[in-house]
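What Swiss-Prot records for this protein:
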type	residues	note
BINDING	Gly432, Pro433, Pro434, Gly435, Thr436, Gly437, Lys438, Thr439	ATP binding site
COMPBIAS	64-82	compositional bias 'Basic and acidic residues'
COMPBIAS	88-99	compositional bias 'Polar residues'
COMPBIAS	226-257	compositional bias 'Acidic residues'
COMPBIAS	298-311	compositional bias 'Basic residues'
COMPBIAS	1128-1142	compositional bias 'Basic residues'
COMPBIAS	1148-1164	compositional bias 'Acidic residues'
COMPBIAS	1168-1190	compositional bias 'Basic and acidic residues'
DOMAIN	914-1022	domain 'Bromo'
REGION	1-345	region 'Disordered'
REGION	1110-1194	region 'Disordered'
Amino acid sequence: MPRSDGFSPRKNLRRSARDHSRSYAGQCNEDFDDMYAPSSRRRSSGGVDGNGYTRSGRKINHNRYYEEEYHEAISSEEDERRYRTRRSSNSMTYRQQVMQAIDESKRNQKVPPAKRKRIYLSDEEEEDFAEAAHVENTVPERATRRSTRRRSSMHEELGVSEQEESPVRRTRKAAKRLGSEQPEENLAADDPLPMEGGGEIVLPIAEIDGMAEQENEDLIEKIGREEEEEGAEEDEQSGEKDPEEEEDDSSNAESSEESTAPRQYSLRRRQPVVQFNASEARENRRARLEHHRVANQNRHHRNRNGSRRRRSDSDSDSDDMVLPRPDKRQSRPHMHNRGERERGRFMPINMTEKELQSAQHILMDRMRKTDAGQGASDIDPMSVDSSVGFDQVGGLGHHIQSLKEVVLFPMLYPEVFEKFRINPPKGVVFYGPPGTGKTLVARALANECRRGANKVAFFMRKGADCLSKWVGESERQLRLLFDQAYAMRPSIIFFDEIDGLAPVRSSKQDQIHASIVSTLLALMDGLDGRGEVVVIGATNRLDTLDPALRRPGRFDRELRFSLPDLNARRQILDIHTSKWEENKPIPETLDAIAERTSGYCGADLKFLCTEAVLIGLRSRYPHIYMCSERLKLDVATIKITSEHFGHAMRRITPASRRDLTIPSRPLDERTSILLGDTVSNLISLRIPQGYRCVENAMATASSELEQVVRALEPNPTVPAIRLLLCGSEQLADGGQTSYVLPAILAKLDHLPVFSLSVSSLLTDGRPEEAFSNAIQSAMRASATGPCIMLLPSIDEWIKVIPVSVQHMLITCLESMTGFTPILFLSTLDTSFEDAPEYVTEIFRHANCITLNPSRRTIRQKYFEHVIEKINTPPKVFDPTVYEMPLPDDDSPDSKPSRKLNDDETRELLKMYTALQRQMRLFFKERLTRLMRDRRFVEFVEPVDPDEAEDYYEIIETPICMQDIMEKLNNCEYNHADKFVADLILIQTNALEYNPSTTKDGKLIRQMANTLRDAIDDLIECELDESFVERIETVSRMLQDAGVTPTSDKLLTEIPKGFARKKAWSMTNSLAKEIEQWTSEREAENQKMLSKLGVAAPTLELVVVPVEDMKSEEGTSTSTDGVPASAGNKKKLLKKKKGQKKSKTGESEEHDEDSTVEDAGEDTIVENLEIKKNQETPNSEHDIEMKDASKDSTPSVQISIAEKELIVSKPATCELIQCCVEKSEGWSVSELERLSSVLSHTIERFRDEWNRENLPAQLTQIVREWQTADDSNNTIVNGTLNKSNGNLANGH
């Protein structure tokens, strides 16, 4: 039995060895009571050598708590009788034992106390007695409340005063003072001390104390004996039995036959204990019993959580401790709080639970043999979109065919591999820039493996899933993953971002990663065969992958995912727009978008389509951005045009520009005028055909069969080419680095590009290593097709890059043969004649392409395109173009706004049914209480027509309590308001039919009012308001999810979007709350209509143009002579009587820049009707607004004054000629700088109707323009700059 104090229960019931020795020395045999066991419990006397036994019969030899010496005590037949009596009492209950102990204590109190006699000892006897007393008092005595009271009572009975001190007490005090100086001796019990002349035995006070405490010890000893018996029963249940106890039991017969001669008992020396009073003992015992009961109930929990302290049967003060059993979870603490065992297994992501159960017997047998799935990773299988297949992947036909060879062919045609004794490829690595479709192909492969009879298990793991902070745990996860894949073979393991799991091993790397890489290498191609397990890895950086993985046997194939070319981009756009149906753009639009999206990856194109749809939605229905409620939209009217795609392209940064390593950028509409012909001629004349387009068999084949057959044909021969783009003697910067080079790369976007620029080589501070990696990658790519090696601004490159790298470049170029398909493209920011010697060693004069300044005709077209925007009129916002959609909350065609799975729907239906059932039970109980009340007996049954003939003629809806109970039985009440309304209807009918003039009428009316008070008391006090609100909430959730219960009806009167603001009560019913919510919603809708510019039904607005727009202080007068302000571009709005115009609506009708600065300056004229004969002369320029809605909404007529754009065409022509003459011999960069300033100035006047002064301002900017080559206020033509004080370039 567990103990709270840490000591043995029997230890707490005994006293020190000193007390017992005195008792043996001073008491008679019959005074021993049952303190020690009789001879039947002893094996032998064992007096000489110190071998003895405890009261329970346990051998105490060689125990460190027992002394070698012993004290003799004489046992008699009376002791045997008392012991047998005590043993027989054990069969009694606890209460009987306590009562027997109390009776024995009362009998012992009647025994007269021992008399004290004064004796005189000789000198030798006094010394022996003092020495014995000293030894007895070496153990400190601790008095408790119980012993103190008993000792004080004994002193009073004996008549001993507190001031008197006996020789024994003085000897005891002296022994205490010398106790620390003298060594502690073993306790020995001597024979009783006789008097000199043969007197009586001397009994010291301490011995009398021990005798006085004996009766309490009997009571407490019985309690301890009962606890021992409970502990013995516990040991018997556990099936354990001490062999020593069995030996003791077998020796009982022998000991009983022994003689009844005086026995000797071996006593032990014990440590002092903390004594306690009786109340504390009872409380501690109850606590121990309660703890023991709880421990028995939770025995299985205690055994699982650790070792358990067992009860000790020995008499020693130390408890027997059991060493804890080794727990596997303690060796793996991270596995302690795992979920279910099935959740810890590696399961494929492309198989459902039903498919796994169908082949469960096979999988379980395999996992039993491989010992897989025991405590594996705690990672849920990733959900894969099952709609993604190979048909959803565009531009990667070669990769798909390669995966079929690796995965499907060994499973479908194993006889081919068996015939030739070859192993199929079992490893593929995907590498390329982010967003090029590596993970998409993996998802498509996982779904393709689900189709057909032969299913393939697909395991998908990211690199970090297998990492762990525990030593060896990562390797264990990898091993279990491969074991599980082998058990469920054929299978595929896909490692996404495998470079984080198996990086390049080096001396600077952590040993843990090296161990993981070694384990992965051994699992992929070690001594154990992998079987039908294919490993696929994906990474963005192939150079960071460990080289040992990149060999046949592990990763057999390396598939490069490059940026899609023109054809691939067109296929990707077709895939993403295939389900748009009638909203799909025309094919010409998609072709233009595919050509403009050079450098976009697959993810960029998908996001481009998403952004285009959102922009089209915003341009068609801008109302949804200003309204929080759902509106009814006609999706078929949303047309996606090239303009929407153009806006979306401005929001996206393509993949080629994110890293800034490859300067790929197509020419825009403006720069194509200057350099479009140059780029086209350069690509068509100087670059071979093999670089311009893909000429492999798959690109030129007319059918899929031809593609498969001709896929093995070698690629056409492409020679090695070196091209250097440089400037001319007249113009060093012809745009070769900033414009021409990016445009060429955009045209050749189907080729892999490897940059040797300064930024790419000096990124990590080791240019030699970076240069070597780039050259190796280019050589590896050239083995499968042509590629480009890029070196921009070579004259600046040789100034920054070390000489060692320069020599490495020359060596690399010289090692290339003429058949190496590498296009080495470089630019020079000066002319070839001024090039450094290093450049002339690499490039010949035949490899140079000189860019000359733009011709006059080209520059004229260029500036005409820039200045063309000056003739664009300002945009006038017309709200009638945007049709206002109607709210769509209550439409039956609207889809559910809340999506619930099957489990959530089942739980929600179960909850709603339970709530309805609880509500009906509550109402039935309360209604039954009202029906039993004799005061309301008149309302229980229907009114008898014989007693009230005209009742059913006067009362339209008669009702009684029986009718209400019948409705409850038929489940017609789904809300508390309906039940309360029917109860109140009883009162209403009673008050309506029974007049207050008659005696019976007064009595019935009084009962009806009392019924109403009883109803209010029941509902308000006993019905929980949160319970009613919970019913409303669950019903609304089911309505949002589109779920209809079969048994209980939903609260269909609750509209969508309804939410309570106040708690439910009898005064605040559901109908009242819905009515208040509806009124607030209508007010919000009206406010939204005013924001959108749609007026009220009775509102009619007329716009009157201001007569003098240029006058600074003039005022305009209306037909009634009311003055109105004449500020810049203000419009006077007039309304009918009783209507007020909102500032919000006015600001929406006006253009953004024509908004008045102070709304208070406008004078609103009321009570004014403008007729046709009262129109002003400028009314022919007014435009009437269309109807705000095609439905039966009221028409709103708004006239907007249309003005003519004032621009001087001769001044515009002179501006263009000035720009052409000024830009003679300018570079492309300088022309772009000037055009940007001109465009910015034109944009400042985009909202102005009068632009007469704009050409003059632009001409002044052009004439004052200072180029980068100008200095000391001079320009190219040699004329002086007259505006010395102005800032150059319009800044």
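Residue numbering: from 1, along the chain as shown.
Every residue, even glycine, has its Cβ placed from backbone N, Cα and C.
Structural mapping of features recorded in Swiss-Prot.
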residue	record	contacts (Cβ under 8 Å, 6+ apart)
Gly432	ATP binding site	Lys438, Asn540, Arg560, Phe561, Ser562
Pro433	ATP binding site	Asn540, Phe561, Ser562, Leu563, Cys601, Ala655
Pro434	ATP binding site	Asn540, Cys601, Ala603, Ala655
Gly435	ATP binding site	Cys601, Gly602, Ala603, Asp604, Ala655
Thr436	ATP binding site	Phe561, Ser562, Leu563, Pro564, Cys601, Gly602, Ala603, Ala655
Gly437	ATP binding site	Val393, Gly395, Leu396, Phe561, Gly602
Thr439	ATP binding site	Asp496, Ala538
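Note on the domain 'Bromo' (914-1022): mean pLDDT across this stretch is 89. Taken residue by residue with DSSP, Gly435 (ATP binding site) is part of neither helix nor strand, so it is coil.
Broken down by DSSP into helix, strand and coil, the domain 'Bromo' (914-1022) contains 80 helix, 0 strand, 29 coil.
Apart from Gly432, Pro433, Pro434, Gly435, Thr436, Gly437, Lys438, Thr439, the residues listed for ATP, the same chain places the Cβ atoms of Phe430, Leu440, Asn540, Phe561, Cys601, Gly602, Ala603 within 8 Å of the centroid of those Cβ atoms. Counting Cβ atoms from all protein chains shown, Lys438 (ATP binding site) has 26 others lying within 10 Å of its own Cβ.
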